[in-house]
Every structure is written in C-alpha cells, then in structure tokens.
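Chemist: Pasting in a structure now, in structure tokens, and then I'll have a few things to ask.
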C-alpha cells in the first residue's frame, strides 16, 4: 500500500482554533520510494491570531502570512482535499500526526465544508512515525540514536532525532523539510529495527488491533512519558460501550485478584493515575502493541515471568462479567462531550445528512452568489454558519447586508475576546505572550515585526 507522508505548519498548538498555513506531503510506494510531492501555503484567516512563539519557531513573519498572492485558507483546503483524494487509498503518516496534524486537518476540512474523515475512510489508514520511534527506543535501542535535550533528558523531537541519526535537517519546522526528515526516520526504523516495523505496521488496521486484544493473548504495550520508554504486559478486557475503538487493557503488573471484584466506583478509579490497572488503547491510532516474544528479557522488562503473565491474562480473560463492568468504568472515565457555544467545537456532533453532503459538493462547484444562496439551505445549523463564514471571508459583498453586519461583529468580537466564550487566541493573549518573549529575547528582530503587526491589527 502507498504512503502519504505529510506535515503542517500552524499558527499555534490549539487543534480547534489554530490554523494551518503550510501543508506539505510526499507520496511514496510501499517501499518508501518517492512518487510525487505537494506543497501549498495560504494567507492568515482574519479571525485567527497567531501565537508569537509559533511564528518564531517556524520563522514565518506576519508579512508572509498576509501576502495577497497566496491562496486563501478555503482555496488551500480545496487543493489539499483534491490532492489527497487523488493519492488515495494510502496510509496517511507523519510525525506526531495522530495527536496534532490529523486533528488540525480534520478541523480545517470541517470548517471548509469537506468530509472530515478523508484519511481513515474509503480504504485509507493512518500511522505515525513517532509511535514507531517510541517503540524502537523501547525495544531496539541500539537501532536508533536518541539525543539528549538541553534539560538533560532523552528526546524524540523530530528536529533533534533526525540530525542525531544522520539527516541534514537544516530547515526544521518547514513542513516539506519535516516530511523529508520523517521519511528518513521511517526508512531507518524499517531497515534497522525490522521487527518493530513489522509488528506495528499491521496495526494501522483497527480490526487487527481489536482482534489482537479480543484474543486473550497477553501483549506488550509500549508507552513513552517524559522522554522515558516503558513496556507493560497487558491483556484486552473490553471497550467503551459507545465507542468500540476505545479499547481497555488490563495492566498485568497488577494482580487480577486485587481488581476483578472491586465495586463499580472503585473500578472506575482504576482508570486513573500512574498505577492504574485499566488503560485505554485507541484501536484506530496505531497503538504500540507487540508480541511479548519481541522482548528479549520479559521478566527483566516487566517484572513478571512469562508463566505468571500467562496466568494473570487467563484469569482476566475468563471473567466475562468483568468485561461489562470495564465498559461501565470507561463510560465514567470518558463522559460525552459537553455542548459548546462555538461552531468549531461542534465538529463531532454528528455526520452531515445525505442532502447536506450534496449541498457541500454543490457549494464548492458554484459561483460566489450561488454559494451565498446554498449556505442558507443547509439543514444542519453548523454548516449554515460555516458556509456563511466562508462567503463572508471570501466575497462578503454577495451576502445580505444583515448577515454581513452580523459577521463583521463576530469577527471583531472573536479577535478581541468580546463574545463571552472561549474561542481561541485573542489579540490581548498574543500581546501578552509577545511581552514575555521580549523579556527573554529582546534582540531578535523577528519579535519587532510581530510587535508592529499586533499594534496595527
């Protein structure tokens, strides 16, 4: 299966309210040989205030973000969707993409009225080289150099990991350069730690993960915290009753006799804390679950003999009632999303109807006056609001005056934090962050550019 390696550069780290301003991707074949590449940048959305620290990290100036020759955010997202559809089906992969770039990409598709699950539907699957690097550090430490951070701790940050392993990463935090570094690390892990690669890559299929956990066979779960890898012997023990991708595993370092007969309230507490018996594994996010045979010294790694691991796993798997009780405990641990006032926070409230899906396609193919009309016909109020917003940001003169005036007020309130809801970074937030940066790094000329732009905005 082909791979699509991708990366984004953004205005900050808030996956709901920050904006992608650069997207890069490289298509490879199954052997990681490059077939095609794609890169696009866009202008800053007027309601998004970038974090000064993010601009420093990416070496992007406000002037670059407001360059009128760049496409708009809406235009960029149409280009991205077209390219990714063309390259599908594929395994979509990056470095920390499952936790960061993927949620940002979904949010951007949502805000531009496009299908949000492009990367994991219609035969597409998802992977993450960070997960592979973490497993390699834990299971095959001699295969990969792990650099030490300025704080004296091991780090798997791409901008230090890739150079430590021989990649000339001179333009870190540029999306295309980061994609090239990610492919380099993927090839290195595949070649130097083939057992890790071959164990984890099948887990891009959530069905494989669920089957492995339902088998009752104990597995090794690799986790990584504060630069330190850890390995736990676990066995599957149920899932969230309303979301089967949220799988539960029992940490076999805990004696089942201490846990299986706990009250429901006490069992719910076992989903929390560093020493919790119940841990959550997301079947659709390539969990680092490996056969314990991949671990050389099992007893040394997890503190239990293989025989004791097998015994404890069998005890857990034999208790059918425990699985149902684990589902209840997970439901307490992960309650439903709280309703939110802003449309960005409502992405997961439901799928669009078939009629609204058709309207979205018609919207993208229409002229701006027609788009303004189509926006008013969406059944779902989320898509009506987003459709109006797109038209307002692209061609406001085709909107009815009362809609335009309302959106002008929305824009002003959003930028200044006057709408009484939490909705991303405000100008005041950015100025406060800039002040802190100026106190630390007064001589950096980039800070002056940001200061002038914020003062004029």
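Just so it is clear, glycine is given a Cβ too, placed from its N, Cα and C backbone atoms.
Curation does not apply to TrEMBL; its annotations are automatic.
What TrEMBL records for this protein is below:
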type: BINDING; residues: 7; note: Mg(2+) 1 binding site
type: BINDING; residues: 9, 178; note: Mg(2+) 2 binding site
type: BINDING; residues: 9, 157; note: substrate binding site
type: DOMAIN; residues: 194-334; note: domain 'ExoI SH3-like'
type: DOMAIN; residues: 338-457; note: domain 'ExoI C-terminal'
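Could you place these features in context, so I can see how deep they sit and what lies close by?
Modeler: Residue 7 (Mg(2+) 1 binding site) carries a strand DSSP state (E or B).
Here residue 9 (Mg(2+) 2 binding site) comes close to 20, 21, 22, 58, 60, 173, 174, 175: these same-chain residues lie at least six apart in sequence, with C-beta atoms under 8 angstroms from its C-beta.
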Chemist: Across the domain 'ExoI C-terminal' (338-457), what does the mean pLDDT come to, as a whole number?
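Modeler: When the pLDDT values over the domain 'ExoI C-terminal' (338-457) are averaged, the result is 93.
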Chemist: What's the CA-CA gap between residue 157 (substrate binding site) and residue 178 (Mg(2+) 2 binding site) in angstrom, rounded?
Modeler: 11
Chemist: In whole Å, how far does the CA atom of residue 7 (Mg(2+) 1 binding site) lie from that of residue 178 (Mg(2+) 2 binding site)?
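Modeler: Checking the Cα atoms of residue 7 (Mg(2+) 1 binding site) and residue 178 (Mg(2+) 2 binding site) gives a distance of 7 Å.
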Chemist: Taking DSSP states H, G and I as helix and E and B as strand, how many residues of the domain 'ExoI C-terminal' (338-457) are helix, strand and coil?
Modeler: 86 helix, 0 strand, 34 coil
Chemist: Give me the count of other Cβ atoms within 10 A of the Cβ belonging to residue 157 (substrate binding site).
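Modeler: Taking every protein chain into account, the count is 14.
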Chemist: DSSP secondary structure for residue 157 (substrate binding site), reduced to helix/strand/coil, please.
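Modeler: Reduced to three states, the DSSP call for residue 157 (substrate binding site) is coil.
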